[in-house]
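Pulled the feature table from Swiss-Prot, pasting it below:
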DISULFID  Cys30-Cys47  disulfide bond
DISULFID  Cys37-Cys51  disulfide bond
DISULFID  Cys46-Cys62  disulfide bond
SIGNAL    1-27  signal peptide
Amino acid sequence: MAKVSSAYLKFALVMILLLSVISAVMSAGCIKNGGRCNASAGPPYCCSSYCFQIAGQSYGVCKNR
């Protein structure tokens, strides 16, 4: 088995922690089902990843598909 430098291991650990924090922040900022959303706008997004919006309306509703 090849030796891995401690600097590489530290870097990998920091990257994993950073990605975990980013993922937690992004999921915490989502809109729950029943909340208002805009399918064509940016964050926050629906937790279900689906915004039901009828054409011509300014907002939609987060729901499961």
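Residue numbering: from 1, along the chain as shown.
Keep in mind that glycine also has a Cβ here, set from the backbone N, Cα and C atoms.
It should be emphasised that the depicted structure is a prediction, and the values quoted were computed from it without experimental measurement.
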Give the helix, strand or coil assignment DSSP yields for Cys51 (disulfide bond).
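For Cys51 (disulfide bond) - judged by DSSP and reduced to three states - the answer is strand.
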By a simple count, how many Cβ atoms lie within 10 Å of the Cβ of Cys37 (disulfide bond), its own Cβ left out?
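Counting Cβ neighbours of Cys37 (disulfide bond) within 10 Å gives 20.
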Provide, as an integer number of angstrom, the distance between the C-alpha atoms of Cys46 (disulfide bond) and Cys30 (disulfide bond).
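Distance (Cα to Cα, whole Å): 5 Å.
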List the same-chain residues at least 6 positions away in sequence whose Cβ sits under 8 Å from the Cβ of Cys30 (disulfide bond), in sequence order, or say none.
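In sequence order, Pro44, Tyr45, Cys46, Cys47 meet the Cβ cut-off.
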Cα distance, Cys62 (disulfide bond) to Cys37 (disulfide bond), nearest Å?
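Cα of Cys37 (disulfide bond) to Cα of Cys62 (disulfide bond) measures 6 Å after rounding.
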